[in-house]
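**Q** Below is the structure I would like to discuss, written out as structure tokens.
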Amino acid sequence: MESLIQVQDVVQRFIREQPCWTTFLLALGSFNALRIIYQTLSVVLQTFVLPGTSLKRFGAKKGAWAVVTGATDGIGKEFAMQLGKAGFNVLLVARNPATLAATAGEIEQKYKVQTGTFSIDFAAATEEKYTALGEVLTGLDVGVLVNNVGKSHNMPAYLVDTPRDEMRDIVEINVNATLRVTYAILPGMVKNKRGLILNIGSFAGAIPSPMLATYSGTKAFLSTFSSALGEEVKKDGIIVENVNTYFVVSKLSKIRKSSLLIPTPAPYVRSVLSKVGLACGAAFSGRPNTSTPYWSHALLDYAMTLVGIPSLFIRYTHNLHIDIRRRALRKLEREAKAQ
């Protein structure tokens with residue numbers, strides 16, 4: 001006991017002997033250390049321990065529908081499958097009627113739910129097509145909307161070298177399609193006082209990506225759109241999330257092999273649906289209504305937040321894309337010579 005009192009006296013004497021600015025810096029350092037500990041624990045709990053909002057809140061197993069765009073391949077198909085498994089009827093929206101029918105049949109057979117399909121090419125969708133989609137949606141009790149359809153550049157390129165039709169398609173698919181489909185479904189969600197809107201975003205929307213400027217800009221739109229819309233409809237019991245995503249094995253990413261940072265669609269989608277309402281890795285990023293739920297993506301997002309030097313990541317991404325473009329052009333040259 002005496003030794004503890006002596007230690008306390010020594011500490012108090014040391015503090016009294018220090019100038020005021022030293023005490024201030026010590027207090028500031030202690031505060032920052034506690035803040036980082038608190039934030040880290042919060043991210044870990046949200047990512048690995050706490051459950052998200054139950055899908056039953058949005059009508060699972062109660063006859064409600066889930067609408068998924070880009071629903072016949074990769075992440076979109078996996079969302080459709082897992083939402084069907086959760087007890088939602090599923091409306092699949094994509095380009096190819098044959099793959100739509102096959103995916104719908106697979107969901108019906110496996111999960112004994114209703115399905116519907118709507119074929120639309122969002123890159124060239126007319127007003128008549130959007131009107132027809134609205135008519136299909138009329139009368140459906142939509143509890144979940146997954147704005148998954150997306151398009152990136154064929155390869156990294158500077159804006160001056162990017163084909164105009166590629167830029168147009170990226171904006172039409174990533175921005176306009178999200179706006180139009182959300183606009184068609186939202187009134188029903190507001191009326192029913194419940195709903196979940198998942199906008200599948202990208203790290204490219206959080207960190208500007210040179211040589212993918214158009215794509216990066218459209219994903220930044222999803223982030224701000226989700227933040228604004230989420231605040232608007234919070235009073236109506238609707239959750240809007242920009243799902244911040246690093247790479248996932250898919251045709252869009254052109255990645256075929258999984259790794260710690262690059263999951264296949266199944267575990268990625270499970271993480272999204274199990275963490276609804278939790279920001280996970282984006283908890284302290286300053287991006288409201290954004291979630292980074294897949295565990296390795298969450299840790300990466302949080303680490304980038306702690307570093308807090310966007311210019312560093314922008315330069316890294318620029319150099320990475322220069323290398324990717326160089327390798328892609330070499331591959332095209334080899335293929336041309338082989339013909």
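Placed from the backbone N, Cα and C atoms, the Cβ positions cover glycine too.
As annotated in Swiss-Prot:
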type	residues	note
TRANSMEM	21-41	transmembrane segment
BINDING	VAL67, ASN96, ASP121, ASN148, TYR215, LYS219, VAL248, SER250	NADP(+) binding site
ACT_SITE	TYR215	active site, proton acceptor
ACT_SITE	LYS219	active site, lowers pKa of active site Tyr
**Q** For VAL248 (NADP(+) binding site), which residues of its chain lie six or more apart in sequence with Cβ-Cβ distance below 8 Å?
**A** GLY74, ILE75, ILE255, ILE262, PRO263, THR264, PRO265, TYR268
**Q** According to DSSP, does LYS219 (NADP(+) binding site) sit in a helix, a strand, or coil?
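**A** The three-state answer is helix.
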**Q** Around the C-beta of ASN96 (NADP(+) binding site), how many further C-beta atoms are within 10 angstroms, looking at every protein chain?
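**A** I get 13 for this one.
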**Q** Give the sequence-ordered list of residues that share a chain with TYR215 (NADP(+) binding site), lie 6 or more positions from it, and have CB atoms under 8 Å from its CB.
**A** LYS151, SER152, HIS153, ILE170, ASN174, SER202, ALA204, SER209
**Q** Which value in Å gives the longest Cα to Cα span across the NADP(+) site residues VAL67, ASN96, ASP121, ASN148, TYR215, LYS219, VAL248, SER250 as recorded?
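**A** Answer in Å: the longest Cα-Cα distance is 24.
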**Q** Around SER250 (NADP(+) binding site), how many other C-beta atoms are within 10 angstroms of its C-beta?
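**A** For SER250 (NADP(+) binding site), the count of other Cβ atoms within 10 Å is 20.
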**Q** Using other CB atoms within 10 angstroms as the count, which residue among the binding-site residues VAL67, ASP121, ASN148, LYS219 scores least?
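**A** Each of the binding-site residues VAL67, ASP121, ASN148, LYS219 was scored by Cβ atoms within 10 Å; lowest is ASP121.
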